[in-house]
Amino acid sequence: MRKIVHVDMDAFYASVEQRDDPGLRGKPVVVAWRGARSVVCAASYEARTFGIRSAMPAVRAERLCPDAIFVPPDFARYKAVSRQVREIFHRHTDLVEPLSLDEAYLDVTHAKTGMQLATEVAQLIRTQIREETQLTASAGIAPNKFLAKIASDWRKPDGQFVIAPSRVDAFLLPLKVNRIPGVGKVMDGKLAALGIVTVADLRQRPLEELQAHFGSFGQSLYRRARGIDERPVEPDQEVQSVSSEDTFSEDLALDALDPHILRLAEKTWLATRRTERIGRTVVLKLKTSNFRILTRSYTPEQPPTSQEALAQIALALTRRVELPTQTRYRLVGVGLSGFSDVEDGAVQGQLFGQMPPLE
């Protein structure tokens, strides 16, 4: 039986800002550029009490808390702290799979320290993070990645939670299905329409029914409802693609997709910055009202070096590539693929320096 730990830094970007500027401590801090189409990168726990969340439009965050202090992201500083945290991880195991700057999976089945209890390993890691970075982290401990990720949210901030193999069903079955990664608002609504509200409800449905309604994701739902996740922790797995998608409650015409594409371009760009790599190919994904998936891509001579460039290419793909204009669409996605390491200094400065919001 594997011992998997999911470590998630608490309000990471905002916490770094509060650590480095005592004047921000105890105040609602929002890490974001200002602008009509900017999104929140992170919110301090004080800001979260007003309902502010990551990926929320910055203008909405400002409406929710007019007194919030907006701080532009400093990704170079966040990456430096992230490297400190990863060095701590590697003291305990070489099986470390970073998901972003602020979270990672660790397989501690055979911890370097010789510690047998995964809970003790997680506690020591969190203590070392606190002592060496003055930041807090939460952890989930479980037999697989799926359960460990859910568990890491259970005692936030600055806590940890374990799901023992013998307690998987007792923990999982009462959960709302929207706690399953990948089940957003639209999917949650579709499941509710089928009478599926909890994981226990989901487990009652046969695989064939779930696949009929949700395609390949139906198989994932079937397995997650049983606590099954056989994915290994993949050490330092390099990101090959990043994307963001929107599923609509009502199907939209092609010419109504522009604002969604602009917002998704920013979300994808923010996620790309966390990888410290360059994405060279822009990918547009569309799902029609009859569930047909269309993808279009373009690889420019120079990779996109701003969210604006990414958005412009994605928008151009809807206009310059033959698409059925009379068709209505239920999903749009914007992504980057063909990733490589940042080597050119000028490109690195363009990619990871100051990023103005789309105007």
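Cβ atoms are placed via backbone N, Cα and C, with glycine included.
As recorded in Swiss-Prot:
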DOMAIN    4-184  domain 'UmuC'
BINDING   Asp8, Asp102  Mg(2+) binding site
SITE      Tyr13  site 'Substrate discrimination'
ACT_SITE  Glu103  active site
Measure from the CA atom of Tyr13 (site 'Substrate discrimination') to the CA atom of Asp102 (Mg(2+) binding site) and give the result in Å, rounded to a whole number.
8
Of the recorded positions listed (Asp8, Asp102, Glu103), the greatest number of other CB atoms within 10 A surrounds the CB of Asp102
In all the protein chains shown, the tally of other Cβ atoms within 10 Å of the Cβ of Tyr13 (site 'Substrate discrimination') is 27
C-alpha of Asp8 (Mg(2+) binding site) to C-alpha of the residue listed as 'active site': distance in Å?
4
